């Protein structure tokens, strides 16, 4: 009887720890469009899909143009809006104006229910 209780207690503790670990998982980038280091026609939106539902008020992105063909230039911020998708697991970034030919970097910061911020970036070029 004692051995059964010990095994049952161990099973319950392992199950609880696995459940709590998944409940506090950080969001991870699953896929982006455009993908990192891609060369694309000017996208109307940049989509970042994550493993967790995002908290919109704590998640966002900043788009920067880092290179323009034939010109030396410092990085230049590009006006864009970031909003969650309908399912809450994607961040959709919409530039205010069509993107010009050049290279861009999108820095993102997202937060899910665990409230820990996760940051990253992707780069892409517009032909």
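Please read every residue number as a count from 1 along the shown chain.
In case you wondered, yes, glycine gets a Cβ from its N, Cα and C as well.
Summarising the annotation, Swiss-Prot assigns Cu cation 1 binding site to 26, 116 and lists similarity to another entry as the type of evidence. Remark: residue 116 (Cu cation 1 binding site) has 26 as non-local neighbours, by Cβ distance under 8 Å and separation of at least 6 in sequence. Taken residue by residue with DSSP, residue 116 (Cu cation 1 binding site) is part of neither helix nor strand, so it is coil.
Taking a C-beta cut-off of under 8 angstroms and a sequence separation of 6 or more, residue 76 (Cu cation 2 binding site) has the following same-chain neighbours: 64, 65. The Cu cation 2 binding site annotation in Swiss-Prot covers 65, 68, 71, 76 and rests on similarity to another entry.
Sequence annotations record features per position, and here Swiss-Prot assigns signal peptide to 1-25 based on sequence analysis.
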Inset, instruction - Excluding 65, 68, 71, 76, please set out which residues of the same chain place their CB within 8 Å of the center of the CB atoms of the Cu cation 2 site, keeping sequence order. - result: 66, 67, 73, 100, 102
Legend entry - Candidate with the highest Cβ count within 10 Å, taken from the binding-site residues 65, 71: 65
